[in-house]
Amino acid sequence: MIDEKGILFILSGPSGVGKGTVRKALFERDTELKYSISMTTRPQRNGENEGIDYFYRSKQVFEEMIENNKLLEYAEYVGNYYGTPRDYVEETLNSGKDVFLEIEVQGALQVKENFPEGVFIFLFPPSLEELKNRIISRGTETEDLVTNRLLAAREEIEMMDAYDYVVVNDKIETAVSKVQSIVRSEHLRRERVAKQYKKILEADLG
Ligand SMILES: Nc1ncnc2c1ncn2[C@@H]1O[C@H](COP(=O)(O)OP(=O)(O)OP(=O)(O)O)[C@@H](O)[C@H]1O
Ligand SMILES: Nc1nc2c(ncn2[C@@H]2O[C@H](COP(=O)(O)O)[C@@H](O)[C@H]2O)c(=O)[nH]1
């Protein structure tokens, strides 16, 4: 059967590498993509908004979501839960629209088990030093949390081989263009496969 569902894109990589920055710039260029807003138990930061940056929920509510199988994936990351609400992703893909997830590595690996046809992109820092500078300069974490996020980053980078694409986020505009090219080429590839499939079906049916 020809697949008319949207494509699931997963942008992942260590904290502070620039996933949010790249995703926001990409969405200014490609208005057809749909962003899946995650749920988290971490406290809301200054400047963040409920239902735009995250759905901020208590640990109890989050654990009920897990029990009721309402999350496509979830992970405990540096002391807090983060997860992807299942219904939005499935409904949006079924309506033929592409969905973009911006999540850490443990969660991305869970998605890969359930959606092997997803497109997995790993955003890579120019160096660990630069990664540290970016987390610090964002000014959202205490010193301890910066250290914990950098420790997590080392483990996450080791999982990079599981991804379909690796994009270095050195210059922001270059990184965004590369991710945009991945989105376009995945569409072209799927259109080609669909056409070939149609030809085979027509030949089979005479
Ligand atoms: N290419 C870049 N060059 C310089 N600074 C950048 C670049 N990309 C992002 N930054 C800066 O690095 C900091 C971290 O970026 P951002 O918040 O997008 O990272 P993130 O991967 O989404 O982090 P987290 O996973 O913790 O949410 C921000 O201050 C952002 O402005
Ligand atoms: N597994 C998931 N990871 C997620 C999700 N939403 C965000 N994240 C990632 O968590 C870390 C920390 O985020 P921060 O906002 O506290 O800096 C970062 O890597 C995010 O990409 C999710 O739904 N699932």
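Cβ atoms here come from the backbone N, Cα and C positions, even for glycine.
Pulled from TrEMBL, these are the features on record:
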| type | residues | note |
| --- | --- | --- |
| BINDING | GLY13, PRO14, SER15, GLY16, VAL17, GLY18, LYS19, GLY20 | ATP binding site |
| DOMAIN | 6-184 | domain 'Guanylate kinase-like' |
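PRO14 (ATP binding site) counts 26 other C-beta atoms within 10 Å of its own C-beta, drawing on all protein chains shown. Taking a Cβ distance under 6 Å to any atom of ligand 2 as the criterion, the binding-site residues PRO14, SER15, GLY16, VAL17, GLY18, GLY20 reduce to SER15. Note on the domain 'Guanylate kinase-like' (6-184): mean pLDDT across this stretch is 96. Every protein chain shown contributes to the tally, and the Cβ of GLY20 (ATP binding site) ends up with 13 other Cβ atoms within 10 Å. Shown in sequence order, LEU123, PRO125, LEU131, ARG134, ASN169 are the same-chain residues outside GLY13, PRO14, SER15, GLY16, VAL17, GLY18, LYS19, GLY20 whose Cβ sits within 8 Å of the Cβ centre of the ATP site. Other Cβ atoms within 10 Å of the Cβ of GLY18 (ATP binding site), summed over all protein chains shown, number 24. Ranking the binding-site residues GLY13, GLY16, LYS19 by C-beta neighbours within 10 Å puts GLY13 at the top.
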